[in-house]
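Single-structure report; data block below.
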Amino acid sequence: MMPGPRPRKGPQARGQGVAAAKQMGLFMEFGPEDMLLGMDEAEDDEDLEAELLALTGEAQTTGKKPAPKGQAPLPMAHIEKLAADCMRDVEEEEEEEGLEEDAELLTELQEVLGVDEETEPLDGDEVADPGGSEEENGLEDTEPPVQTAVLTASAPAAQAGASQGLHALLEERIHNYREAAASAKEAGEAAKARRCERGLKTLESQLASVRRGRKINEDEIPPPVALGKRPLAPQEPANRSPETDPPAPPALESDNPSQPETSLPGISAQPVSDLDPDPRALLSSRQREYKVAALSAKRAGELDRARELMRIGKRFGAVLEALEKGQPVDLSAMPPAPEDLKPQQASQAPTAPSVIPPAVERVQPVMAPDVPATPVAPTESQTVLDALQQRLNKYREAGIQARSGGDERKARMHERIAKQYQDAIRAHRAGRKVNFAELPVPPGFPPIPGLESTMGVEEDAVAATLAAAEKLASAEDSAPADKDEDEPPGHLQGEPPAQAPVAKKPARPTVPSSQRLPEPRASSSKESPSPSVREQLALLEARKLQYQRAALQAKRSQDLEQAKAYLRVAKWLEAQIIQARSGRPVDLSKVPSPLTDEEGDFILIHHEDLRLSQKAEEVYAQLQKMLLEQQEKCLLFSKQFMHQGNVAETTRFEKLAQDRKKQLEILQLAQAQGLDPPTHHFELKTFQTVRIFSELNSTEMHLIIVRGMNLPAPPGVTPDDLDAFVRFEFHYPNSDQAQKSKTAVVKNTNSPEFDQLFKLNINRNHRGFKRVIQSKGIKFEIFHKGSFFRSDKLVGTAHLKLERLENECEIREIVEVLDGRKPTGGKLEVKVRLREPLSGQDVQMVTENWLVLEPRGL
């Protein structure tokens, strides 16, 4: 059943919609008179009407008050009068407030009353008079402004007597915290020093508040702290260097001349600063003059005078700080202007150090005018800790001077050195071992007590090592004569002094120069070195000893430049030894190769009456040639294993090279003595070697086009008229950016010798390079050079595959020259080299006929 339409409502009665809207708050009538004069219930208030009539001056009527809508506005004269009254009240209040805050009136009042500026409160609202407070009495402030200022200024004077005990307590507590902070800094307790400094700042702020007349909470005063034991009390303050002493607090002075200078500031009756109208401005201007003069002296190159002026200028900062804290200072000893300082110091220099007693120097060193122009040498310390502290203070002062002079780099350097000394002091106090040789020493400082200076030889390393070599030579010359070789003793007596090394050859294996260096510093490592590290150390020490001996031989032969070069290498090897002992890795590929002394370290003895047969000379020459070849092979294999980092194989081949050298020396000595060639035989020895081209980088590949053999000539050209050149193309990094080049033209031959090297850029780990190696290789094209009107003619092509570079570091092939796919009979010899194979190592087994000399043959 479908719902029917809703029944329509009847027409709404007229006026019902407006009534509903008014009921909902719409169409409300607002009158401006209602909003200004108030609500309806206040219209018939008789009190308000009477007050209004009294204000307007009209008589009260008994009739009914007209409606607000018909009320006439107030006369303009009354409105202007009310506005003038309101404005007059505000102006009077502002005028009174301006009188209370007028600085000129307050200054004039202080001069009349004689009240000190420091004891006057900064804000009159904080110290209020209980009798004249307008908040407590609720009265209007109708008193004159001068009377208010008098009450405000007299309040702190009443409170000054009550705060005498609190003032003395705060000063005593400040003195306690300063001593505790200094003791903690000397003991190296940074945390305690920071706590004391925070408490000191709190006490200073509380003392400043008390001096200004403000109230403080006594419960918030920091408690006293224990001073503790200072590590070293200075027994001779007169001998202390002014450069290492921290700035002492300024001297205190009172009106009474018989009163000691160390009296407290609260006891002094009249501070000296009252005699000077503005001591702070005078001190600031004088400090600025000294800084400008120091900067000018530094720019002029007078560094000593610049340091002196900067040191005096820094002392003004301590005096200004004391003046800000309210402490009285004595300006009678203030240094003069910088331009008057130099003649005054020259006249006072002979008598100044003996006039001032030590006590006065400690109480009032801030404004001392007689600063020594030259730095005083520090006294020798009695303990290690005292010496370290002296050096720490020296470097701190140097850092401050450098920063004040604008040299930030030098300041950071001195701060780093000071940090090293702080760590050393902390470690020494903890009982740990400290390597004092690594700490820099300031100029002019004596050595640390109980330790010998081991750094003197570093000033001239070459001269010191040569001197040690001279001692070694003198020690070897004094060796017994019964340790000589099998030589006629009468012959040695007839030799000149330049041939004296014959007698010292047996003593060379026991050269003490390997123990000369300060190697015990590496003994601080707790773990014993591993076998590989021991092998590295043995290799490096043997190599260093070899270069030291070579330097000694070069010095004896008057070749000082060569001796210095060998000593530099020995010093570098010494640094590598220290690095290896400390556990850090050493790059053996950078270790220099062993020296190959072609002349040998022996003397050839020539006998005029000895003549060898032609056959014996040929045998000697052949044996020497074989020994030299075997020695060179051993050195080559040793170098290859060194670049691989294989210490064991490197040492093995170096020993074989030394054995070959020794056999060669024996052979040459036998030949010099005129003996028959020694008995010898050959042994087959197989060596496992690793091939590497150390002169190549890992990012380059060498292509060498060696020669062409029987290259075909193009039609119309005879083989003898062939002008051939080779062009190659290597598709890396891609085909569009292939690396291309060509050889020079070799004319008039079909077997040209090119022997030309090309360097190709590669990336061993790139996938594109490996793809080119495995699939594409290198393409070669052989051309015949055309004439002026003729272009180049293609002779043939060749292709070299590079898959063998995966396991080999060199490919040497003779590739066939093709004409399309047809062989032409020509050949092209090429080589490709990498530093190392792409994967693995190029291990080769080499078999040699090893020459062995029998000792019985001599």
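Along the chain as shown, the residues are counted starting at 1.
Backbone N, Cα and C atoms are what each Cβ position is placed from, and that goes for glycine too.
Listed in Swiss-Prot:
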type	residues	note
COILED	166-212	coiled coil
COILED	611-635	coiled coil
COMPBIAS	114-143	compositional bias 'Acidic residues'
COMPBIAS	153-164	compositional bias 'Low complexity'
COMPBIAS	186-199	compositional bias 'Basic and acidic residues'
COMPBIAS	520-532	compositional bias 'Low complexity'
DOMAIN	676-815	domain 'C2'
MOD_RES	Ser209	phosphoserine
MOD_RES	Ser593	phosphoserine
MOD_RES	Thr596	phosphothreonine
REGION	112-164	region 'Disordered'
REGION	180-199	region 'Disordered'
REGION	204-284	region 'Disordered'
REGION	329-352	region 'Disordered'
REGION	470-533	region 'Disordered'
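Annotation note: Ser209 (phosphoserine) sits in a helical segment as assigned by DSSP. The number of other Cβ atoms within 10 Å of the Cβ belonging to Ser209 (phosphoserine), over all protein chains shown, comes to 14. Through the fold, the coiled coil (611-635) approaches residues 593-594, 596, 653-654, 656-657, 660-661, 663-664, 667-668, 671, 674, 676-677, 680, 848, 850-851, 853 of its own chain, all at least 6 residues removed from its boundaries and within a Cβ separation under 8 Å.
DSSP assigns Ser593 (phosphoserine) to coil in the three-state reduction, placing it in neither a helix nor a strand. Of all Cβ atoms in the shown protein chains, 13 besides its own fall within 10 Å of the Cβ of Ser593 (phosphoserine). Restricting the average to the coiled coil (611-635) gives a pLDDT of 81. Separating the Cα atoms of Ser593 (phosphoserine) and Ser209 (phosphoserine) is a whole-number distance of 78 Å.
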